[in-house]
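Novice: The annotation domain 'Major facilitator superfamily (MFS) profile' is assigned in TrEMBL to 1-415. The transmembrane segment annotation in TrEMBL covers 28-46, 93-115, 131-154, 160-178, 198-224, 236-257, 266-284, 290-315, 336-354, 391-411.
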Amino acid sequence: MGTIYYLSATIFQQPVAEISHVIGRKPAFLLVLTFAAFGTIIAGTAKTIPVLLAGRAFQGFASAGSVLSAIILTDLVPIQDRAIWLAIQNARMLFFMNLPLLFISAIGLACLLGFDRPVLGIRKSLKRVDWIGIGIFIPSALSFLSPFVMAPTLFPWRSVQALVSLASGVVGLATLAVHQRFFAKRPMFRPEIFDKHVTVSAILGLTVCGICLNVLLFHLVLFWEGVRGYSKMDTSVAVLPETVSIPIAALVCGLLMRRTNRIREAVWVGWPLAVLSLGLLWFMDDTTPLPWLIVINCGVGLAAGTLMAALNVSLLAATKKELNGHAIAMGLQARSAGMCLGIAIGTTVFSYTMNQKLQNVGGGEMNSEEILKMIEEIKKDPNCRKAIIDALRVLWTICCALSGVVGLYSCRRYEKGHGL
């Protein structure tokens, strides 16, 4: 269910954003809200797995439409205030309740948001949409991302399904790049966004943020339950240092950038903090004092919140005003793609390392899903706990290395003098 949701949310972000640029924000947003309500009703009334998956796919499409909130903010709010509003928006998503807020949002949009009707009219404007680009992008992205989120559990990486799907996706995305650069009259992916080192580093940074966040989201549960022996209720409390500190850090970072009109300093602070906090995760085990665990995990959340606020604003600041909507959509697309990759990297690396450790002590093979099902037995086995700790340390090291590489690239480019 999580896989189909993430795939749908990732693949449809750019098409939804592109359509909103042509037909207007209001009709696009109302369409997204309709799909969200439709998906919620389907999932809530589902009696079979296929129907439930269909509902989650519709909800994923609606989640892709959340890019419109960021685009509307770029339309309405001056650039120096955008970080604050984006942070507030992300914080409020913690308390999102589907159907009541969808109903309220639909009424508010219909009554309060102006209809930015296209000058050419709906029919002529729809002809300007890059339908060829959308038609190439959706199946290519689906083909490329599917092995990353399905191969570790549904079929082996070396299977025909995984290799053919991955190769088809690469060919499709390469074809899309050629089409966007040379043939599209109004490309969905604007080449101007990728012409500057600042925007490229911001997009790469948001991708790495998505990877690291999903690795943490899926595997900190294994640490708290499998290593520390916490119950599910206690685990939900134990992950609060990340979930609470991320929106707080984003909001504070936005306020500071608004007051100082400086962006690159936030990037300079965010990446070293990310490397330090992710590196400190390596020292977490079953004997680490709880106060230190809280401090380390708060550091991860503070780094993530700071970076997401700073990178989003730097992406907007480095593009022309008329391209801000395309830029913020590209940033959210990068983060969603990173989250899909995070699922693949996390499950593959963890399962492989865990099995290697278990084989060394004469144990059988297990993946992360099987570990969660057998968590009560694993809590009592010191060899399994040690294997989980070692496998998680490999993941923390990978996240730390990715943050370090992208951070060095970002800071080096900022140091060359872009006036942010």
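Residue positions begin at 1 at the first shown residue.
Glycine too: its Cβ is placed from the backbone N, Cα and C atoms.
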Novice: What average pLDDT does the predicted model assign to the domain 'Major facilitator superfamily (MFS) profile' (1-415)?
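Specialist: Residues in the domain 'Major facilitator superfamily (MFS) profile' (1-415) carry a mean pLDDT of 81 in this prediction.
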Novice: Of the stretches 28-46, 266-284, 290-315, which racks up the most C-beta pairs under 8 Å with the transmembrane segment (198-224)?
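Specialist: Most Cβ pairs under 8 Å with the transmembrane segment (198-224) come from 290-315.
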Novice: Cβ under 8 Å to the transmembrane segment (160-178), counting only same-chain residues 6 or more beyond its ends: which ones?
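Specialist: That would be 133, 136-137, 139-147, 150-151, 189.
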Novice: If I count Cβ-Cβ pairs under 8 A between the transmembrane segment (236-257) and each of 266-284, 290-315, 336-354, 391-411, which range comes out on top?
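Specialist: Going through each listed stretch, the top one turns out to be 290-315.
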